[in-house]
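If you check Swiss-Prot, you get these features:
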BINDING   106, 107, 122, 123, 168  S-adenosyl-L-methionine binding site
């Protein structure tokens with residue numbers, strides 16, 4: 001079953017959603033529940049959001065300046081982020097970074113706030129639509145350093161001008177871990193995990209772009225992407241950044 005067909009059994013699209021998205025069009029949440037759809041996409045407080053039909057949880061939206069994300073983007077905080085340390089200092093004037101698995105754009109926003117010019121690539125049409133909406137509401141100073149590529153597109157005009165390629169592929173939550181966060185749980189329903197072959201293809205593709213380094217985000221206890229040992233790593237309490245330097 002293709003992903004678009006599978007999403008018809010999982011995701012309900014409420015009136016007003018962007019056209020052309022995969023999913024099952026419904027008139028309201030009640031219809032989505034009647035169709036046994038797990039999630040709905042629609043507008044909530046002028047934001048394109050994802051939530052469980054009939055549920056009490058706050059919809060998942062792309063918002064760069066609210067709550068914890070807003071705190072992480074403050075100038076005095078962003079320079080201490082482990083991701084920024086993993087990116088290192090650019091050579092010459094190469095400050096462009098390709099975030100090839102943009103997701104909700106949270107890490108891309110950190111990189112942009114740190115002064116990198118970030119290109120966001122996201123293959124999920126649902127997440128891409130949510131990113132586009134979030135960027136429309138983001139501060140102009142942040143958006144100036146962020147460029148959302150066409151859905152599923154990762155082509156850039158001058159790959160040799162890249163400082164880094166950033167990868168944050170989906171990773172299954174540990175069965176013995178505490179309740180998975182809402183956003184990760186819902187994203188896992190929308191985006192399939194890469195298998196071993198896809199992991200190798202993703203890493204090979206990223207390294208072939210000619211950037212100074214490839215930075216891969218992983219759970220701290222997870223194995224290396226595709227089993228390939230990095231040049232070095234930056235470890236935190238929950239996540240680890242594996243850095244593959246390129247000649």
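Here the Cβ of each residue, glycine as well, is placed from N, Cα and C on the backbone.
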In three-state DSSP terms, the structure that residue 123 (S-adenosyl-L-methionine binding site) belongs to: coil
For residue 106 (S-adenosyl-L-methionine binding site), the number of other Cβ atoms found within 10 Å of its own Cβ: 19
S-adenosyl-L-methionine site span - longest C-alpha distance across 106, 107, 122, 123, 168, in Å: 16
Candidate with the highest Cβ count within 10 Å, taken from the binding-site residues 107, 122, 168: 122
